[in-house]
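Some notes on the structure that comes next.
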Amino acid sequence: MNAEGGNLHREFEITWGDGRARIHNNGGLLTLSLDRASGSGFRSKNEYLFGRIEIQIKLVAGNSAGTVATYYLSSEGPTHDEIDFEFLGNSSGEPYTLHTNVFSQGKGNREQQFFLWFDPTMDFHTYTILWNPQRIIFYVDETPIREFKNLERHGIPFPRSQAMRVYSSMWNADDWATRGGLVKTDWTKAPFTASYRSYKADACVWSGEASSCGSQDSNPSDKWWMTEELNATRMKRLRWVQKKYMVYNYCVDKMRFPEGLAPECNIS
C-alpha cells in the first residue's frame with residue numbers, strides 16, 4: 001500500500017481536542033493546537049504491520065517550554081508495541097529535544113534523545129519510521145539517527161506481531177518535558193501549534209486477520225521496505241549523529257538501571 005503525499009482527510013481521523021485539531025487546504029495540511037484547556041490529536045484510519053511511514057512536521061516556534069508534540073506508531077492494550085518520536089519543547093533560543101523510544105509487549109524504557117542539527121520550527125522537516133521484521137530505523141530528513149534490531153534470538157522482544165496505527169498529539173507535559181519539569185509552560189504564548197503535511201505510507205495494511213502484503217504470489221520487490229537496511233554510508237551517518245547530537249542513551253545510564261542495563265545494550 002502506498003499513500004503518496006496522502007490527502008490527510010482520507011488518511012487520518014481527528015480523535016480529540018474539541019476543534020483544536022484542524023485539516024486545511026483540502027487535506028494538504030493538518031494542525032494540532034494546545035491551550036490551557038486542552039491539547040489535540042489524530043490517528044491513522046489504517047493499521048499497519050510493517051512499513052516505511054513518514055510525515056513532515058513544523059514545530060512550535062518561540063517559547064515552547066513544557067509542550068510535547070508526538071508522532072508515533074502504537075498498538076492497543078497493556079502489552080502494546082510502540083515506536084515513538086516525541087518533540088520536547090524548550091525556552092526561546094534553546095534547542096528542541098527529540099525523544100525516541102521503543103516499546104515491545106508493553107515494556108519501554110529504551111529512550112534515546114537527540115538535539116537536531118537545524119531549527120525544526122523554521123520549516124517542515126521529514127520524520128520517518130522504518131519498521132520491518134529485522135529492524136526499526138528512525139530517520140530525520142533521510143538521515144538515520146537510531147536503529148533498533150530484532151534480537152529475539154537473544155530473548156529480547158521485538159514488535160512484529162501487533163498491527164499499529166499512526167498517532168500524533170500536541171499536549172502539555174510541563175511536569176517533565178523541559179529540564180525535567182523545572183521550566184513550566186507559559187500560557188500567555190498559547191495557543192501552541194504544530195503543523196503536519198506530506199504523509200506517506202509504504203506499508204502493509206492490516207485488516208482484521210490479513211495483511212495487504214500477505215499473498216504468496218505478489219512481487220516481493222513491491223514491498224522493498226520489508227528488507228530495508230542501512231548501507232555503509234548511512235551507518236557512517238548514523239554514527240555521526242549519535243556522536244555529535246545524542247544527549248541521552250538508556251544503554252549507558254547505570255544510575256537509572258542499577259540492576260543492569262537492558263540486554264540489547266551489550267550486543268553489538
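Glycine too: its Cβ is placed from the backbone N, Cα and C atoms.
If you check Swiss-Prot, you get these features:
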ACT_SITE  E82  active site, nucleophile
ACT_SITE  E86  active site, proton donor
BINDING   E86, H99, T100, N101, N109, R110, E111, D175, W176, G180, R256  xyloglucan binding site
DISULFID  C204-C213  disulfide bond
DISULFID  C251-C265  disulfide bond
DOMAIN    1-196  domain 'GH16'
CARBOHYD  N90  N-linked glycosylation site
SITE      D84  site 'Important for catalytic activity'
Checklist entry - Looking only at C204, C213, C251, C265, which of these disulfide-bonded residues has the biggest number of Cβ atoms within 10 Å around its Cβ? => result C204
Checklist entry - If you count the C-beta atoms lying within 10 Å of each candidate's C-beta, which of the recorded positions N90, T100, N109 ends up with the smallest number? => result N109
Item to check | T100 (xyloglucan binding site) and E86 (active site, proton donor), distance between Cα atoms, whole Å | outcome: 6
Next on the checklist: Tell me which of the recorded positions T100, C213, C265 ends up closest to N90 (N-linked glycosylation site) in space, Cα to Cα.
Outcome noted: T100
Next on the checklist: At 10 angstroms around each C-beta, which of the recorded positions D84, E111 has the fewest other C-beta atoms nearby?
Outcome noted: E111
Next on the checklist: Could you check which of the binding-site residues T100, N109, E111, W176, R256 is the closest Cα neighbour of C204 (disulfide bond)?
Outcome noted: T100
Item to check | Distant-in-sequence Cβ neighbours of the residue listed as 'active site, nucleophile', under 8 Å, six or more positions away | outcome: Y72, L73, S74, S75, N101, V102, F103, G108, P159, M164
Item to check | Between C265 (disulfide bond) and W176 (xyloglucan binding site), the C-alpha gap once rounded to whole angstrom | outcome: 25
